[in-house]
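These come from TrEMBL:
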TRANSMEM  21-45  transmembrane segment
TRANSMEM  143-165  transmembrane segment
TRANSMEM  200-221  transmembrane segment
TRANSMEM  342-363  transmembrane segment
TRANSMEM  375-397  transmembrane segment
TRANSMEM  403-421  transmembrane segment
TRANSMEM  433-454  transmembrane segment
TRANSMEM  460-481  transmembrane segment
Amino acid sequence: MNLKKSLTPSKHVVKKSLRSHAWLGLFFSALLYLVCLSGALVVFFQETERWEQPTISESAEVDIQQLETAINNAINRAINNREMLPKTLYFAPPSSVIPRAHVSNRSGGYYLNKDGSRGVDMHTPWTAMLSDLHIYLHLPNTFGIILVGLLGAMMLGLMISGILAHPSLFKDAFKLRWGGSRQLEQTDIHNRLSVWSLPFFFIVCLTGAYIGLFSITLLGYDLLDDDMTTSEAVDTIFPAQLAFDAPAEPVRLEPMLKKLKSQYPEADLMFVTLKNGGKQGQYIEVNLQMPERLIYSEVFRFHNTGEYIDSKHMSDGDWGRQVAYSSYRLHFGQFGSFAIKVLYFLLGIAMAVMVATGVNIWFIKRQLLNRWYALWQGIIWGAPLSFSLALLTSILFGTAVALSFWLSYLLIAAWFFVANPNHPEQQQRLMTWVKYLRLATLAAIILSVLSHLIQYDYALVSWFNGFNLILIVIAFLFAFLKKPVKAAAQP
C-alpha cells in the first residue's frame, strides 16, 4: 500500500502536469499534426517513388557490371568535362522494394539503363514534398530539422506529462465510451491510443528527436568538453572520411563484391558509394544490409582496384554507434516485412488522431466554440485534401507541389477561421464544411488515379493498379468516416 501511495503522483503534480500538458499540446499541435500525418505517408516513400514513375524498366537481378560501368562513366564524364562530381555519389542496384538500378545524391538522381548508361532523371515531386515536409517542414534544412527534432522532444514531454496527469491511464486501458458525451468519447480515444501505442510513440519520438537534434547535441558537447572537438565527437559515431593521395582511376567493383559475398553470404548489397569521384583521394564504400540487424548498413571501404581498406564497424563497433546507426530504420519502419510498414502507417495515423483529439479535448473542456475551434477543424480535415491536391498537381504539372499543398492548406484554414460557430446554425455549417472537405479529398484522389492511368499506359493487371486501388479505398474510408466533428460545447 505504501509503495502504491509513493508511486501515485500528488494532486498538485497532477494539476500542474495537466496544465503544462494542455498548453504544450496547443502550441505545437498544428506542426505536430502535420509531422505525424506526413510521417505516416512517408513510410511508403519507396512505393510512392516507384508509382510516380511507372514506365521505368524494372529488374530483380543485381548486375555488377551495370554498376561498375555506371561508376566509371560518371568518373570519366567528370574528368573529360572537367566537372566536379558530388563528394558522395550513391549507386544502388535493383532491390525487392525498388527494382530499379539508380544513381543519386542529396540533390537528385537518375535511373540506369541495362548497359550502365544514364537513363531518365528521377522525378518524384510528391514523395519529395512529403519527405521534405516530415523532415524539414519545408523550412531551410538546418533550421527545419532542428525544429522537427524539438517537436519530437516535445512529444516525449507530452507523453510523460500525459502519463503523470492521468494516474488511471493504464487501469482504464480497455475503456472506450463511443457515442454520447463528446468529451468522454474524445478523451477515451486520446487515452486509449496513447496506452496501446505507447512503445511505438516512444521509439518514434525518441529517434526523431535524436535525428533532428544531433547537431545541437554536438554543439553542447563541444562547449562542455574541452578535450574533444565536434569533429572528433562525430568520428566516434560515424568514422571519419579517408584522406590519401591516390589518383582517380577506373573502379573494379567485382573483386570487392566477391570478397564480401564470401565473408557475408546472407547480407544484401544496398548500394555502392563513390567518394571524391574523379579526383585525388577517390575510393569506394560498399554498403551491405546485414541480416537480422536494425543498423542501416555495414560499410566496407576499398581502393579503386578492389583492395580492401577497412570496415566502419557499424554492426560490431561501440554500442553507441550501433544504436545511433539503427535510428533511421526504427524511425521510418524500414525493417522486416511489408507488414511492418503497414503497422507503422496505422500507428502514424493513430499518433495524428491522438494530437487531434488532444486539442479537441482542450476546446470541449473550456466550451470554446469560436474561430479557433473552427480553425483547428480546418487544420485537421484540410490536410488530407491538401495532400491529395498536391498529388494531383504533381501528376498534371510535375512542379509547384509544395506550393500547391501550402496554398490549398492555408486557404482551407482561412475559410474555416472565418466561420465563428457561436450559434447552432453556424455549428451545422461547420459540420457541412467538414463533409465537403472529405468528399473533395475523395474526388481529388479519384482524379489523381484517373490522370495517372491516362498519362501512363501500363497494364491493367499490374502493381501500379493495386496501388491505385489502395489509394481509392483509403479515400472512401476517409470520406465516409462517421462523426467527423461535433459541437465543442457538448458536455
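The backbone N, Cα and C atoms fix where each Cβ goes, glycine too.
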Mind checking which residues of the chain, 6+ beyond the ends of the transmembrane segment (375-397), have their Cβ under 8 Å from one of its Cβ atoms?
-> 29-30, 33-34, 37-38, 41, 52, 125-126, 129-130, 356, 359-360, 363, 404-406, 408-409, 412-413, 415-417, 430, 433-434, 437-438, 440-441, 444-445, 447-448, 451-452, 455, 475, 478, 484-485
State the residues, same chain only, that lie 6 or more residues beyond the ends of the transmembrane segment (200-221) and have a CB under 8 A from a CB inside it; answer 'none' if no residue qualifies.
-> 39, 142, 145-153, 155-156, 159, 194, 228, 230, 233-234, 324, 327-328, 330-331, 344, 347-348, 351, 354
For the transmembrane segment (433-454), what are the same-chain contacts with Cβ under 8 Å, counting residues 6+ beyond its ends?
-> 51, 54, 377-378, 381-382, 384-385, 388-389, 391-392, 395-396, 412, 415-416, 419, 464, 468, 471-472, 474-476, 478-481, 484-485
